[in-house]
Ligand SMILES: Nc1ncnc2c1ncn2[C@@H]1O[C@H](COP(=O)(O)OP(=O)(O)OP(=O)(O)O)[C@@H](O)[C@H]1O
Ligand SMILES: [Mg+2]
């Protein structure tokens, strides 16, 4: 059948979980563990992109927006927690007398913040997706509109220095829901939370992919109108995938803040959103592990090469897009199937079994 | 008399709209032709701007250099476009979304190359003296620089539409836009048509780049600023619809400048984005559509 | 008219000024294999498009008491109207079973979408049996033969439990044996459902039609049994271009349009 070995994938997630949650903390230095935590955040967003783009055919080029919702919600809460009863320092800098902006107030509450991290992306993606999908906006239109939203949001944040920190962003968080962030033990805890959330997201898409919804999503991607003639509204199918992917981006963003310690518009704008896509394309958009692993690889490149050899890194990134999409549209995760097929081909005609195996990785 | 507070954004916006139109014109052509979004279109615009700078290094008199720069920018950007089509885009037929991503990669590389070749703060393009003055029309003073952008856009539109209508190549392009398969079976070499379209569309981006450099100078990021508004214009105008593109460009330009006048530049961008979304709610196919028969 | 008939009255479809269908009326009832024929461009497909909500139309198309025109596509489907397309359209990347499972899905509660499929539902097994696809359960639909794809489409309509099956050239590209099998299948299906077939193949039409409507340039030219229609001089004129010269025998000699070459040029 299509999903040849669902249990194999599940044990793959298990191995991955052991590596991230047990092995990594033992063997990695604090510095690298922190970096790994950052990659996990990007990977969480990437898993969502895999769902929306790889399986749903919606090229989400503005996931930075949802990443930002989670990140800024978390950052506002941590900033307020750090400031205590006083007005956050950066605001005092710009206008010592003005009060806290209204929309900051509710983020004092930890509960509200957690709720916002979940609900804000769901609401925004729901609204945007509903508006676009019902009117059958898709393909390049959808891609560019989402990217335009990311650009607009980043510009908005950049220009509202007093309200959002502007280009300098929000940083210098001391506490994380009562825990002192400087404490190595607490840092480990934050890392473990991020890694665990990544595993949870992988489990969620694993179930989605093997469910009937997953099949319906692929069907909608490949022949939206045909799905309509089976009595479904494809807009709803896409909406669900889009909302879930937005939620994952938001969760990734929320964990990014305590791990990295700073959030700026540069982390959420057009370039950042494109970077999130790069990992998914590299790993394999429609596969289960591809997006997460690809995002970790690109994340590693971004934070190591990106700072030591920025020019080279940009060229690599550009080439990555060109080479992978041109020659390996299903990413690195399609290599094994390709090799297998290439080895079998001389012997016999491509048997149905190969096609079935390749179903997992689908051309767009 | 000076330009009124309410009229000023109108003129500003019209000039901005003209610039957008120049940027969108080529995009609309290539998108309409091949259903492909070339995300490196903005970088071709940037190439046009740097071409203007380089021409000025050779021809110092700015009064002469800009008129020379226009065709040079067209040719240089056009050649880059042709190269892109031949090396990459032609391999990716029927994968429009993937093409979009590939050209994102091309754009990244071009940006980085520009950053390394030219200083990071960009290089200045001297405005010719004859653009400095103002022209008195109907009792208002109109800056010549803005009128020049509008005029340039008008000339490009006129030339493009005459070319599409009256030359055999133009007719072939229109035939291919309307029905690629049919055009192919009726003996049109769609390969040649595609290449020519790409050359022309990218060349127009180069012309837009010269105009942009006169207003905002040059820098490696300048293309990235234009690509998204230009695409929104194409979407709102309707694919392959010259008339729609013109109206949409003007409307977006004017809306942006009124929004910026009432609020701030960044809020204006957000508002313009919302405006386009709302508009696409009302008319998902854009202002004008070619009716074709397809399942979609 | 019985409660569960499809009744189309005075259907008009215009494409920016061009009248593709201009006042077509016909009806179809369970128990008959209803045919819609006509030369290329007569408006047959457009009629189906109108009834299924794909093309905007005026007039009326009722299933029993319910008006179909004006509803969105997926709602019309949920009323029990199913259709196939001139070019076979199945989900190439999914297996036969998955294709059918999705088609069967509209009767399931939405939450059940989140679970994986276990086993094969009975309605699906029946449809596989009916269409002779039982052996292809795990085959990706994309590598089925052309005829098999069309059967899969019919099977999807069956599991979808469509009350009305609108089939656009279901035997195009099939061999003679396959045509016969399809015709017999349609006769079986028609016992309980409304079956409306658009076809060019006159031989197929003669063998399996119970009633025929002939369209020409968006209008009904003739209507009746196969014999009625074949005897109608106007029909002979349209098909042969020479009034009166044709006999019934001549009409049966009308060459079939080469199926396959027509595929993919439309829709
Ligand atoms: N969306 C559309 N826009 C414009 N014209 C259309 C559209 N759909 C159909 N037509 C025209 O309407 C007429 C009827 O087309 P239709 O496809 O219904 O014919 P048909 O009887 O199915 O022909 P065929 O046997 O070739 O399939 C044709 O002239 C066609 O060109
Ligand atoms: Mg037809």
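Cβ coordinates come from backbone N, Cα and C, glycine included.
Just so you know, TrEMBL annotations are computer predictions that nobody has curated.
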Item checked: A:145-170, A:275-300 - the range that TrEMBL marks as transmembrane segment -> A:275-300
Check: In TrEMBL, which of the ranges A:214-238, A:239-263 has the transmembrane segment annotation?
Finding: A:239-263
Checklist line | Folded-back contacts onto the transmembrane segment (A:112-133), same chain, C-beta under 8 angstroms, at least six residues removed | finding: 65-66, 69-70, 73-74, 76-77, 106, 142, 145-146, 149, 234-236, 238-239, 242-243, 245-247, 249-251, 254
Note to self: Applying the under-8 angstroms CB criterion, which one of A:6-29, A:60-80, A:188-209, A:275-300 scores highest with the transmembrane segment (A:36-54)?
What the structure shows: A:275-300
Notebook entry, point to check: Taking the transmembrane segment (A:188-209) as reference, which of A:6-29, A:239-263, A:312-335 has the most Cβ pairs under 8 angstroms?
Noted result: A:6-29
